[in-house]
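Asks: Take this structure first; my questions come after.
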Amino acid sequence: MLQWLRAGAHTHRRPRPPPPPPPPLPPPPHRDRGERPRRAGAERRAAPGAGGRAGSGAPPRAASTCPSQHPSFTPGPSQPPAGLSPGWAEPPLLSSRSPPSTSTMGTPTRRKSHLLLLVAVALVSSPARSSARGSPATFGPVFEDQPLGLLFPEESTEEKVTLACRARASPPATYRWKMNGTEMKLEPGSRHQLVGGNLVIMNPTKAQDAGVYQCLASNPVGTVVSREAVLRFGFLQEFSKEERDPVKTHEGWGVMLPCNPPAHYPGLSYRWLLNEFPNFIPTDGRHFVSQTTGNLYIARTNASDLGNYSCLATSHMDFSTKSVFSKFAQLNLAAEDPRLFAPSIKARFPAETYALVGQQVTLECFAFGNPVPQIKWRKVDGSLSPQWATAEPTLQIPSVSFEDEGTYECEAENSKGRDTVQGRIIVQAQPEWLKVISDMEADIGSNLRWGCAAAGKPRPTVRWLRNGEPLASQSRVEVLAGDLRFSKLSLEDSGMYQCVAENKHGTIYASAELAVQALAPDFRLNPVKRLIPAARGGEIAIPCQPRAAPKAVVLWSKGTEILVNNSRVTVTPDGTLIIRNISRSDEGKYTCFAENFMGKANSTGILSVRDATKITLAPSSADINLGDSLTLQCHASHDPTMDLTFIWTLDDFPIDLDKPGGHYRRASTKETVGDLTILNAQLRHGGKYTCMAQTVVDSASKEATVLVRGPPGPPGGVVVRNIGDTTVQLSWSRGFDNHSPIAKYTLQARTPPAGKWKQVRTNPANIEGNAETAQVLGLTPWMDYEFRVLASNILGTGEPSGPSSKIRTKEAAPSVAPSGLSGGGGAPGELIVNWTPMSREYQNGDGFGYLLSFRRQGGSGWQTARVPGADAQHFVYSNDSVRPYTPFEVKIRSYNRRGEGPESLTALVYSAEEEPRVAPTKVWAKGVSSSEMNVTWEPVQQDTNGILLGYEIRYWKAGDKEAAADRVRTAGLDTSARVTGLHPNTKYHVTVRAYNRAGTGPASPSANATTMKPPPQRPPGNISWTFSSSSLSIKWDPVVPLRNESAVTGYKMLYQNDLHPTPTLHVTSRNWIDIAIPEDIGHALVQIRTTGPGGDGIPAEVHIVRNGGTSMMVENSAISPTPHPGTILAPSMAMLVLVGYLEL
């Protein structure tokens, strides 16, 4: 303490006389010592366990620690303890956060010495922070915006780059910047300008401005530095102007066209053009563009690949995107019969690929081969996630994690063989905080240990900064990697601190403020409780918690008597007064006196003794079954001047009696009765119940045990051993029997991730309750499984265990033959065979494929084809010697790396058909209306080229070419058809051909037909009608056709009424008609049109309301033949409305 005083003595100022007492201080804001202005930003976070202060409390006062031996204690203002003179007063307040304030001291000499002490402290303190009401809070800088790394294109037209920096601070922060570790001179008019906290670089260039930048924010509290931001410059040069050499290969071979991209930064994306823009090469199974090298790979060339190729390279930067084209390179193919060859992987991923957690990882793999190889990926030392499983040349892991580390294999396979490549993904990580520092308030002279911890790969190193400068171990400060330790804190230790964790992948910062406090004792926020009730015979603890730094020495008195520790009265190290076995004689005033070198203070409370609370009827233990209800009794007596409350706990956890829909209810509303009812008891309701009767003074409690019997709990520790192809050995540990012996176990399995749990066969078949292992039977080979166990007793089956770790059964040869064998179709000379691909559960192992055997029906030898891949579902056998529609016997089996499975039944499949060879004969055609004609022909006989499906009619107008003919096909082998949709009064040529699946046969000799003239284009007019009791008579004027219209041979009438909504058709050769109708018809709808050789004409429509006295007629050629009786449609030609009176 003397050393601390000397720190302020260098001023050599003479102590001044004490000033007059200031007015009383206003009460401080309601904020305890640990409360700080709220912080925000990524750089300051609360550390677990932060807060509090170092140091220990003073020991309890004994008889020897009386005021006579402690002259620093002065008497209080009223009724001081015996031996103390008047002068005890409210103390001053001083810290690195608060300006000093004065209060009345005991004597002028004491005031002068305290004033000198205050001046000394003020001279060495850090910037003051006011705690008085209305004064602004002071705190160090907290970053709200920090600079980010930037990629700036060298060719950009942007004239400036801005690196952001903004901090919240009080007083506001000022800013500085460093480039490559050196502080920058930011002068007016230079290329580097400070705008707020942001750094603006005008006309940036790589030579002058590329580098690492860091922002420093400062205020009187301290300085913090931002994360580092790297300014890089991107570029993409042009491709070489030299012509590219042609690339030559043989048809059917694989080929690689190099891109040879120009100099660039950062990486590029690539595409290839064929002949012209924008004819881009598709990304299919035969073509692949490496995004690593830019090279174009073609697995198997064919004639369509001939042409000129150009590589397109694109650079993506923060401000722009740039693309450049290479010169075209010609690909030439030497024609020859394509040969079959095994895969050869040409685009390979590295033996080691390093990736950071959260990044996307892409592995490339592409092979030449004929047939085009199929790509498969797998993880050698683990299972590949289904969401990444792909048959594409690239394996993408969108957000890599440590679980993804391992060896990966790419396999390229076709019918001629396979090739593989392996490589390892090594996952590392940038630093990430496990524990950070948080703002800290500590007492002057105390010790402090601050810690931070970070994870990363490689393991991060940790260093410390104070006010932006490196911090090393000193006399009172010890820096031990993630730990920063202070001994005997002084005010000069206040400031801004940063913990910095870094590895080769990045650097992270955690910031916090350390505020060292020096405070005289102050009870204004935490006075001793004024009225302290206590129960007779009980125990009371009266805390004494003034604000003070360093921690105050505490003394208690009752009235004027200083208290000393004895068997009933104890003052704890933290200043709490404990009185045991309380009696009426303990009532009275109790005062706590607190002092440190900054000053002293006291606070008084009055102890009042009340009657004790007692349990008069205690709850009794009970034993119930699951679902039962129970009431636990609890009655109590208490001091009548106080309120009584009952609190129930289960295994020391409070029970919420007001929870809606809960299992607990209060059984009585009487004040002294606290009975508890348990409704529909569950297993979780068993345990130790405690009834506590409580007043504000004391409490009494009694316990009872409730036993709830039910089905067993879940077994634990499910382990899978002895994994075979169809069996595993399962073991588990017994769960709780819930007070009823376990009778048996049931085992279940599922195939993750979404399979349903199903009971499995076991050995033994019935697993007794004392067993802890069993064998599972009947599993599928090479299948992923999870297992769980359920226990049962006389009360039912309990909850299942947690699932076991996922396992995969061993491989075995396939045990099921493929199904759905069929085929047919294709080109001439081909035999196409189809089947249903086998699902994962029937493959039984890796390297899965199909073995197909076929021969001509009745032949002696079988031909065999190997088709790799579980997803394969057809095979094409091509041979010019195969005759059309020849029956073949076909059978199939599957295989994997463990062997071959059983063969399917033999199916009969026909080779590809050819078009029919014979044309229909005796084709005859005749027009039957203005838009229709009938066509008939003699059928052709079935031949050996295939199965006839029907006939195709081709027809075209006289004068047109046959190539313009329209076509219509019959759905079967009918020998006649009606062709519709023709033009009126037009001559047509007609031919007929037979067709099958391969196409149409030769045409028949053509026939001719002429359609009729069109019907009159005018509806019947001048329609009139009359009603009788049972009939309706309608008349109209005859329609006379024009010269270019067909004759009228009669009339058709559609009739509909409101009782029978289905229309009826009437035909007449006259221009009138009588219709029998019921007497109760209210509405009628009639359509009349002409009919003749050219077809039906335009209708006239009449809507009649029998009892309305009015009728309407609509002449409309576009009307539906069955409108609703009450509908009047808008006319397309004319509308005539007739109004008259009907005599009914």
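Every residue gets a Cβ built from N, Cα and C, even glycine.
Take a look at what TrEMBL says about it:
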{"type": "REGION", "residues": "1-109", "note": "region 'Disordered'"}
{"type": "COMPBIAS", "residues": "17-28", "note": "compositional bias 'Pro residues'"}
{"type": "COMPBIAS", "residues": "29-46", "note": "compositional bias 'Basic and acidic residues'"}
{"type": "COMPBIAS", "residues": "65-76", "note": "compositional bias 'Polar residues'"}
{"type": "COMPBIAS", "residues": "91-108", "note": "compositional bias 'Low complexity'"}
{"type": "DOMAIN", "residues": "147-232", "note": "domain 'Ig-like'"}
{"type": "DOMAIN", "residues": "237-326", "note": "domain 'Ig-like'"}
{"type": "DOMAIN", "residues": "343-426", "note": "domain 'Ig-like'"}
{"type": "DOMAIN", "residues": "431-515", "note": "domain 'Ig-like'"}
{"type": "DOMAIN", "residues": "521-608", "note": "domain 'Ig-like'"}
{"type": "DOMAIN", "residues": "613-707", "note": "domain 'Ig-like'"}
{"type": "DOMAIN", "residues": "714-812", "note": "domain 'Fibronectin type-III'"}
{"type": "REGION", "residues": "798-824", "note": "region 'Disordered'"}
{"type": "DOMAIN", "residues": "817-914", "note": "domain 'Fibronectin type-III'"}
{"type": "DOMAIN", "residues": "919-1014", "note": "domain 'Fibronectin type-III'"}
{"type": "REGION", "residues": "999-1022", "note": "region 'Disordered'"}
Asks: Between 0 and 100, where does the mean pLDDT of the domain 'Ig-like' (521-608) sit?
Replies: 95
Asks: Below 8 angstroms Cβ to Cβ, which residues of this chain, lying six or more residues outside the region 'Disordered' (798-824), approach it?
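Replies: Distant Cβ neighbours of the region 'Disordered' (798-824) are 383, 710-716, 718-720, 723-726, 728, 730, 732, 735, 738, 748, 750, 752, 757, 779-792, 831-838, 842-846, 848, 850, 874, 890-905, 907, 909-913, 997.
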Asks: Same chain only, please: residues at least 6 beyond the ends of the region 'Disordered' (999-1022) with a C-beta under 8 Å from a C-beta of the stretch. Say none if there are none.
Replies: 915-921, 923-933, 935, 937, 940, 952, 954, 958, 982-993, 1036-1042, 1044-1046, 1048, 1051, 1071, 1088-1100, 1115-1117, 1133
Asks: Helix, strand, coil residue numbers for the region 'Disordered' (999-1022) per DSSP?
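Replies: Counting residues by DSSP class gives 0 helix, 8 strand, 16 coil.
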Asks: Under the DSSP assignment, what numbers of helix, strand and coil residues are found in the domain 'Ig-like' (147-232)?
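Replies: Counting residues by DSSP class gives 4 helix, 47 strand, 35 coil.
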